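Let me begin by presenting the structure, written as structure tokens, before commenting on it.
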Amino acid sequence: MIELGVNIDHVATLRQQRHTVYPDPVQAALRAEDAGADLITLHLREDRRHILDADVHAIRPLLRTRMNLECAITPEMLDIACAVRPSDVCLVPEKRTELTTEGGLEVAGALDAVRDAVARLHDAGIRVSLFIDPDIAQIQAAAQAGATVIELHTGAYAEAPDGQAGPELDRLRAALAEGLRHGMRVNAGHGLHYGNVAPIAALDGIAELNIGHAIVAQAVFDGWEKAVRDMKALMVQARQQALRGR
């Protein structure tokens, strides 16, 4: 069944706004697991704007599920990933001026660098995914780079005006088929929330959705565990309905 990766970055964002010790991302990770999260996702950015090195090191040994560490392809970040050895690393693009990740990794234009990073992480026993736009050329390049997992950037779908998401959903569907054709595990994420997650979760073959901001926001009103449970329930229900409708 489809898996939910709960991204805890914005728990850390709330903490860093006042440079306090709360809310604690460690507790967020553990309580998300209790509520049904299948993995915990966190992005250690070069500017350390939310998740800190100490968070990564504290969370890693405590998880009962999996850690999915998002990071840029830099010597520093690859060193940290190889030292921490999470079960999964998702390589992402990064710009210091962006509010959040703005697009997918440019794999086709930096094939050698991506291939080297993937090989190094694989040698450390880490499964590697590449966060890419739902573009056939990028998926083919990801396969050439040796990646066994891709995460499709759902931002264009999530940001489409009401009633106009259909073409973006078709694009994601085609990208999913291409990834599966290459024998890859295909995940997805970015901008997904309670009102738009169902059509993505219904795509048979999507293994995992990584969602954070929407869950953190809903937790303000409903509490953390309920926000996680409700997102997971929406995903599972959408997938089950899609399978029954075949």
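Cβ atoms here come from the backbone N, Cα and C positions, even for glycine.
The 3-amino-2-oxopropyl phosphate site in Swiss-Prot is built from Asn7, Arg18, Gly212, His213 plus one of Gly36, Gly191, Gly195, namely Gly191.
Sequence-distant neighbours of His10 (1-deoxy-D-xylulose 5-phosphate binding site): residues of the same chain at least 6 apart with a C-beta under 8 Å from its C-beta are His50, Gly212, His213, Val216. Geometry remark: Glu70 (active site, proton acceptor) versus Asn7 (3-amino-2-oxopropyl phosphate binding site), CA distance 10 Å. Taking His43 (active site, proton acceptor) as the reference point, the recorded positions whose C-alpha atoms are within 10 Å of its C-alpha, out of Asp9, Glu151, Gly191, are Asp9.
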